[in-house]
Structures are given as structure tokens and as C-alpha cells.
Amino acid sequence: MVRVSSTIFIIVTSVILVVANEEINLRVKRQEEDPEGPDVGSIEELCHDRPADEYFRLTTEGDCRDVVRCDNAGENGITRLATVRCPIGLAFDVTRQTCDWKSNVKNCDQLGKPRKVLPILKTDEPVCPEGRLSCGNGECVEKELFCNGKPDCKDESDENACTVDLDPNRAPECDPTQCILPDCFCSADGTRIPGNIEPQQVPQMITITFNGAVNVDNIDLYEDIFNGQRQNPNGCQIKGTFFVSHKYTNYSAVQDLHRRGHEISVFSLTHKDEPNYWTHGTYDDWLAEMAGARLIIERFANITDGSIIGMRAPYLRVGGNKQFEMMADQFFVYDASITASLGRVPIWPYTLYFRMPHKCNGNAHNCPSRSHPVWEMVMNELDRRDDPTFDESLPGCHMIDSCSNVQTGEQFGRLLRHNFNRHYNTNRAPLGLHFHASWLKSKKEYRDELNKFIEEMLGRNDVFFVTMLQVIQWMQNPTELNALRDFQEWKEKCDVKGQPYCSLPNACPLTTRELPGETLRLFTCMECPNNYPWILDPTGDGFSVK
Ligand SMILES: *[C@@H]1O[C@H](CO)[C@@H](O)[C@H](O)[C@H]1NC(C)=O
Ligand SMILES: *[C@@H]1O[C@H](CO)[C@@H](O)[C@H](O)[C@H]1NC(C)=O
């Protein structure tokens, strides 16, 4: 048998390592030639029917750190094995497809993920009567029962091909004759400007967003950026969007952000640091987490105007159709968790009545496949190349702190301006700048650079720092730059002055049976509840005893 040449095993690849709270992008070193590697014939066999993004082991001996995947992108159509090694102390979990602490990995004795039986969806001649589709074992089952979250085929294959591209009941592709503003917006590749306005007449909207708890660690940062002096070209103060998680949040500070016209949105109640909890969350999990978080904010930040209409999934782990079904039932208007990979032209937000117009690249591939009456405020990846004229192929990044190559204020400034120009000089899709406050606070030069960028942008007359809701309002009523001064939707809470509702919030020391042994402080202008609000008891009134 022919031995593969040494180059075949040399490949650089990366794997996401999930440890504690952080997703660390690990670059794995080049693996040198593996003299014991399998030969071409057995590679073909190993890779038959195996997805190119699935990692598996060649052996169960050793320390459980090494895995490979099939790479079909090689020259001459030869399939090669790309290798990855977890850092010392970690092991590769083939079920979850990630490196983790060795003690957490229970499948070192398995070579790969258990194979799932797939339904037979593509056949030259129909194999089932009309309205039915074939399971993997040839059984015919009603089409509606495929991908409904419950196995109906005896081999359960009806639940195994449910991605945006495969779900037999997926939303249809964008039909511009059916999808009409103000309620529906879509375009074939996602890049079209609403209202077919000429790019030169489109305001360049920038959405600054923050994820996480609002508290003493970051209130000063928000005061600094949104200092009340900075105004958009229409004379109104610049605005931001806050995706608030519950634990450690100071609700009197949230109340004041809302008073000053910023948008409050939800980032879940528990922010549980287990990414798969979100990816595989049930309808009830999403309901308790997101509707529960909204209830807490409304009550303890006294937000009574129904303005909390958006959400972002922790770790951007979108929960597929379940999440969006819950959103529609609970009147959430938008999600802001789906990422679009870096392309030549950025994507405008879209509604999900029709199929999403780009690949589901991150988000653990669990994007919604069905039709939902929900806006997707898509996160366009940023181009982080330090010198964009020099074409090194670095993938884009969605949160600014995941642009890990940015280390200095100067680099951050270049990132902001380069990506601004990418949006401004093409279709002027809203530019999202998504932050964790801790990153901006980690170096003074980052904060200075952001402030400098904002001032510079406000020196023009066609750039607006707006909230997610304001983006939707503009898209629903696309208005050219020269008429924007009088655009009423953007005049609300235009120039807010005055003092917070309360100068001395209650600092309620609270416990809950759900978090035994923890005493947490809840800061609010409202009355203290009996218990610390948590997932089974979001009002803090106590468990209802039935
Ligand atoms: C909570 O927020 C309010 C309003 O911004 C502020 O006055 C108060 O000092 C904050 N409390 C803590 C402990 O951060
Ligand atoms: C809560 O909001 C309502 C309605 O806006 C207002 O009447 C009330 O005074 C507020 N209460 C506190 C404590 O801020």
C-alpha cells in the first residue's frame, strides 16, 4: 500500500476550548509527520460519510488529547486528516467536540461521536406517498412530524437532519413580493438596503452594545461614554443597548440607563456557564431564563413602558426554534445573537419569516430553521486584520474582545475605522460594536480610543449612534439622510437631563433557597423582595406552594 507523504499530516487548525466562563480560541501547533498514520485507503474509509467538522480519535490509547478530522479541501481532491491536540491537562470530549478538563471527559474510551441514522430526504423518485417522507429505515412518516423535537420514526431519524438547510419544514427562501415592510424584511443574500435607498442617502447607524451585569464595575464607564454631551446629527444624545444579566446587577443603575433613553434588553437570568445548556435548552428553559429576566428588570428597575423587547443568548449559543417560538409567544421583537461570517459586504438585520440569508456559522450551528415573526439583529463579524491591505486570512470576530489580536489602543482604533469604512463604503448596514465592559476597562487606551472614535464620527453629519430598537424603527420606515433631522421615531428621550429617580437605592441583602449559602445584594429604588429573585422565583416573593 502507498504511504501518504509527510505533508498530508501537516495542517494548522484550531479548536474552541470551553473552560469556566471563557471561550478561548486556541491555536494548535503544527503537528509533525505521524509515521504511524493511516494510509490513503483507510483514510477514505474513515472519512466516508463523516462531516468535515467532526473530530474523532484514531485510537483510544494514550492520554486522550489527540483527535483528527477529515479535510477534503486538499489538492487533487485527496482527503487528508487534520490533527488537533488539546493542551496538557485537558482531554478531548468527542460528544461535545471540545477540549475540557480531563476529569470532565467521560468518553476517552470511544473513538467518535455515536453515529446518527439520517432520514432519506433526497431520492430521484418519491419513495413515500405524498405528504410523507422516508425515515432512515424506509418507514414513511408525515412530513410535519420531522424535526418537531420528538422522535416519530422507529429509528428516530426524523430528528437527525434539522438544520436550516435540511429541516423538511424549514422556512421558505426570501420572497420579496410577500415580505413587505414594516413587518417583514428580507433579501436573497441579506445585503439589500431597506426601501432601496441609495447608499449615499443612508445614515450610517452604529450600535454600541454591552453584555452582562450592570454594577459598580462598569457604571463609571457607561457614564463616560454616554456623558450627555455627545449628540447625533439630529441633536439627540447618542444611545446604546444593554443586554443585562441578573446576578450582581444594580437595578437602580439600570433604571437610570433606561431613564436616559438607552435600551435595556435581556441576557438571561442565570447566565449559566454551560454553553450546551443554551444550545439544547427546552422551550421552558428559554421561557424561565428570558421572560424571567425581563420580569425581574421590569419590577426592580421599574420599567413599565414595555420597552424590553430584545434578547441575546449567553455565549451566543442560539437555542434554535425553541428559543424563537418562546420569543414569539412572549412578544420579544428581536434576537441579537446570530453571527454572520466576515464577507465582502455586511448583512442588514432581517426578519425570520423567511429563511436566514447566510450560513449559520457559529452559534453551535443551532440557528432557527422555521419561520418566526422575530427580527434578527445579526452580528456581522469584524475584520480584525491589522493591515487590511496585506491579505493574511484571519477569520472575523463578533465581540470586540474576541478580536484577540487587538492588544493596543492604536490597533483598536484601526479596527474601528477600518470596519466603519467597510460598512460606510458598501451598503451601510448598521455597524455593531459589541463589548464586555471589562475589556474596555482593562486598558485606559481602549476607552480613550473609543471616545476618540465616537467624537470623530459625530464630527460628520451622517453617522448616528442608536439602539437596536431605533435601527428597527428606521428599517420599518426607511428615511433618507436629508429628511432625518425630523425623523420622529428618533426624537424620543432626545436630550434627557435631571437626576436619577432615587439618590439612595435600597441595598437589599437577600438569599434564595436556589443558591444555598449565598447572600446577594440587590440594589433597587423599589421595595426589597423577600428573597433573592432566581429562576424558580423571579419575583422573589417565595416559592409558590401548591
Ligand atoms: C447603584 O446604582 C446607583 C445609580 O447609578 C448608584 O447611585 C449606586 O451607588 C449604585 N450602588 C452600588 C453599590 O454600586
Ligand atoms: C415607578 O414607575 C411608575 C410609572 O412610571 C411611577 O409612577 C413610580 O413613581 C415609579 N416608582 C419608583 C419607586 O420609581
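Placed from the backbone N, Cα and C atoms, the Cβ positions cover glycine too.
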Disulfide-linked residue for Cys135, taking TrEMBL as the record, within Cys108, Cys147, Cys153, Cys162: Cys153
Cysteine of Cys140, Cys147 paired with Cys128 via disulfide, per TrEMBL: Cys140
Member of Cys147, Cys174 annotated by TrEMBL as disulfide partner of Cys162: Cys147
Spatially closest candidate among Cys128, Cys140, Cys147, Cys162, the listed disulfide-bonded residues, to Cys153 (disulfide bond) (Cα to Cα): Cys140
Spatial separation of Cys162 (disulfide bond) from Cys128 (disulfide bond) - C-alpha basis, Å: 19
Other CB atoms, at most 10 A from the CB of Cys153 (disulfide bond): 22
Cβ atoms near Cys135 (disulfide bond) (within 10 Å, other residues, all chains): 24
Alpha-carbon spacing, Cys147 (disulfide bond) to Cys140 (disulfide bond), which is rounded to whole Å: 14
Separation of alpha carbons, Cys162 (disulfide bond) and Cys135 (disulfide bond) (Å): 13
Alpha-carbon distance [Cys162 (disulfide bond); Cys140 (disulfide bond)] in Å: 17
